[in-house]
Amino acid sequence: MVFSGCCGVGRVFGGPGRSGPGWGRVWVVWGGGCFTAGSGGFYVGGVRTVCVSLGERSYEIRVGSGLLARLGEWCRDLGVSRRCAVITDERVAGHYLGRVMGSLEGAGLEPVAVTVPAGEGSKRWQVVHRCHDALAAARLERRSLVVALGGGVVGDLAGFVAATYLRGVPFVQVPTTLLAQVDSSVGGKVGINLGAGKNLVGAFYQPRLVVADLDTLGTLPEREYRAGLAEVIKYGAIADGSFFGRLEGVMGGLLSRDAGVLEEVVARCCEIKAQVVSEDEVEGGRREILNFGHTIGHAWEAVAGYGRWLHGEAIAVGQVLEAELSCRVVGLAREVRDRLEGLLERAGLPTRVRWTGRRVERLLGAMRLDKKVRDGRIRFVLLRGLGCAEWGHVVEEGLVREVLGS
Ligand SMILES: NC(=O)c1ccc[n+]([C@@H]2O[C@H](COP(=O)([O-])OP(=O)(O)OC[C@H]3O[C@@H](n4cnc5c(N)ncnc54)[C@H](O)[C@@H]3O)[C@@H](O)[C@H]2O)c1
Ligand SMILES: O=C(O)C(=O)C[C@@H](O)[C@H](O)[C@H](O)COP(=O)(O)O
Ligand SMILES: [Zn+2]
């Protein structure tokens, strides 16, 4: 087995054969690595900018206030056809569609709007199909742009529509939820759900640009805002212990949506994600750390029924339970697990669910469809320390059952 150490270069694969203290035999194929603190991008023309470096697929994430007004000019500068489409949901349309259409038209583009129902239920085939029909009816061409205006649901859906229409047209992410600004608009995972599990159909398809206008967060309902904090906290837990400490310090400012705190935090999250994605675009290894809390969280979203639990809520519980597994399997200090649970609680997120009997079995069934599964074995992302995540841990099912029911 080769292992680079928690803060080493981070590309590690080993064979089976590790024992967890007192828990019988635990099989692992793992990897690890963590980050140094960054500054959250740099300023270009007064706009905070983070780069995702992917060769010819590289793009910028622009973060700040008042950016919707500049969207049209930035889209035009991508060299796309005049005709384009804005895919959004009914709620977001009520707040921002007019402004976005105006900005695009002001730059000489000819946008059509495609509006889908709000919520997780729109990440399904029928809605993809309707979007494709709308693009065809509007005669979109190969160089026509799709603008995804909304939260993670719209971003995942519209990105998948863009990836598949005419075998791929350019798209731009305009995220309007905290979750989408820090996570789903970056990195190119696009797709939809199946009844059997989350995001089981999709593609890796990078946007050409991400425009995160922090002003849009002003209208986001409290529950949705807090759900986004689960992904924010995840970055500290998996990649940057000092950022985690900073989040503990600024949680009050985050909860009151302080503009300065938001810009700093959104940019740092994007920077961490950009770094991981740049190293491992299609999740051959290290990118799996972004899935911390998701093995259990995604299973719970599917078992509970899509939309009952918000994604952020489900992965908040998932993070606490996967931290618990980390304590038992790789000796994560209990104090770290408790700090994680404490910060998620301060963010107003659920951290515990009592699952019993058939629920536990259904959760395990859903986890067996997780995309990280190899040769039928569920693989977890575990924390060795604060800011140090390892991927590829195969944990004995008896232990997983015990933690799910604890
Ligand atoms: N692709 C990825 O890398 C990735 C990463 C994380 C999550 N996701 C996916 O993202 C989805 C969750 O995204 P989400 O939490 O943004 O949910 P969402 O897209 O459903 O948006 C939440 C709700 O807020 C409304 N809304 C959005 N912006 C608003 C605004 N500015 N003002 C008022 N209302 C607004 C929406 O209409 C919706 O009702 C899940 O499907 C999850 O699987 C994907
Ligand atoms: O970008 C990634 O990689 C992530 O894992 C980010 C997650 O927060 C996100 O929920 C993602 O959609 C999960 O991807 P999946 O491959 O587990 O469906
Ligand atoms: Zn997520």
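Including glycine, each Cβ sits where the backbone N, Cα and C put it.
Listed by TrEMBL as binding Zn(2+) are HIS294, HIS311; the candidate from GLU222, GLU231, GLU361, GLU390 that the record includes in that site is GLU231. All protein chains considered, the CB of THR219 (NAD(+) binding site) has 12 other CB atoms within 10 Å. Residues from the binding-site residues list (GLY152, VAL154, ASP156, LEU217, THR219, HIS294) with a C-beta closer than 6 Å to any atom of ligand 2: HIS294. Closest in space to ASP156 (NAD(+) binding site), of the binding-site residues given as GLU231, HIS294, HIS311, is HIS311, taking the CA atom of each residue. Summary of the Zn(2+) site environment: with the site residues GLU231, HIS294, HIS311 set aside, the chain residues having Cβ atoms within 8 Å of the Cβ mean position are LEU179, ASP183, ALA230, LYS234, GLY293, GLY297, HIS298, GLY312, ALA314, ILE315, GLY318. Ranked by Cα separation from GLY152 (NAD(+) binding site), the binding-site residues GLU231, HIS294, HIS311 are led by HIS311.
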